[in-house]
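Copied over from Swiss-Prot:
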- 69, 70, 71, 72, 73, 74, 75, 76: ATP binding site (BINDING)
């Protein structure tokens, strides 16, 4: 390879890409199993998905991470690279990833299909409109908003209280100006004026529903259970009471089908869904993972942000819906993130600082302990960056050895699957050991307070929970409706184990502050809001979009 550092899109644009029908053949599927979106993308048909249901599932590997820096730690890159490495080890491997959101792509990320020589392709298609899943979800979400406003305009038989509508409109962009809006202005024929707002599409409950629904029947049932707001008696109103679950299911019937693409090294990749990892559960769809498990001997998937958010939700929310727990967990750690947790300034993360690295190591330790709480073996993937010094790498390896933490120095960004062969060996050994003995950290029958305590004490390392007066009243209300039986989906900062984004490393003696709960009954969980969690991001001063363009031949530029 050239010593010149190439951008992701430069690498992807020069890659040999096989017809998606050829990728399907690797999985034992013929062309009739696919619904083609051009030569290189396809959806798997419902007939195909149904035909696989009785097959024995393969082995599942979950990739998570330590608490990240704002730029991320390369979790998707390691997921792709590990998948390619397992393929090189003659394991029939399928990767299951989330779809990127246009908002972060145009904002700060510039793309989210892995990086370097560990990417999913066609990367520009996946990063932009792909097969239209997010647009369908946006349309369904906003159709529901239109149905709500129309119901109020046309007599309001359900006595919807416009002040207590909790359903928001969405758009798949970072647009802070839309966080709070007023709709229905302009006189009686324009609708009933009320306050409204926009979330980003990946924060929509419909996104979470798509990612947890097992089939069309389950999708329709979940859509009917969405709480859109409350009536004048403060009683909840659902989509089912309004009668629109059928129309919403119709809008989403194709979006529920998983998408098949490939990596740079032609490992099959099923890329589908993409809920926020802070406000929702942050995992790709149950349909995608379940299908992948029946097509491959090994499936590598990821969960959003760090193990405190993404992995906990994968294990406590997605696994019960999937019916299959991971056989091994890979925890991605980077030297730059550990230095940040050890007190190094964000502007100095590229500079050698062995002392900060050693101090920040406690963050990694906590995440390894949390995964062990779930009874699953793990391997730490040290995702090597070109700015890491030899002294820093040696120090981190020594710390892992000293504390009995299994690890592998991983260089998939630079070397593709070849850079993850040792990691693949250690993952295979962990999987084949049969050591996985999965257990959730709480039971659905527990009280909401008990579930919160379990997450905070066992996963975050805190000492307890403090409920606002609003949250306390909501718990009483939720018990009345039976909503306390749902799993808890914590909405908190990804940067810290606590709810304070400035409290880095491994904080102790902290309390998690719950300000309110949001029932997401269609998704099947209750969101617990901590701190200031944003459901509609804003753009940075210099968005990644400033560097994006397209040449006269239609080739994308600036995605990275």
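Backbone N, Cα and C define each Cβ position, glycine as well.
Overlay of Swiss-Prot feature records on the structure.
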{"residue": "69", "record": "ATP binding site", "contacts (Cβ under 8 Å, 6+ apart)": "334, 336, 337, 340, 346, 349, 495"}
{"residue": "70", "record": "ATP binding site", "contacts (Cβ under 8 Å, 6+ apart)": "108, 346, 495"}
{"residue": "71", "record": "ATP binding site", "contacts (Cβ under 8 Å, 6+ apart)": "108"}
{"residue": "73", "record": "ATP binding site", "contacts (Cβ under 8 Å, 6+ apart)": "65, 66, 332, 333, 334, 336, 337, 383"}
{"residue": "74", "record": "ATP binding site", "contacts (Cβ under 8 Å, 6+ apart)": "115, 332, 334, 383, 413"}
{"residue": "75", "record": "ATP binding site", "contacts (Cβ under 8 Å, 6+ apart)": "63, 64, 65, 302, 332"}
{"residue": "76", "record": "ATP binding site", "contacts (Cβ under 8 Å, 6+ apart)": "97, 112, 113, 114, 115, 302"}
So around the ATP site, 69, 70, 71, 72, 73, 74, 75, 76 aside, which residues have their CB within 8 A of the centroid of those CB atoms? 65, 68, 334, 337
Cβ neighbour count (10 Å, all chains) around residue 72 (ATP binding site) is 20
Going by DSSP, is residue 75 (ATP binding site) sitting in a helix, a strand, or coil? helix
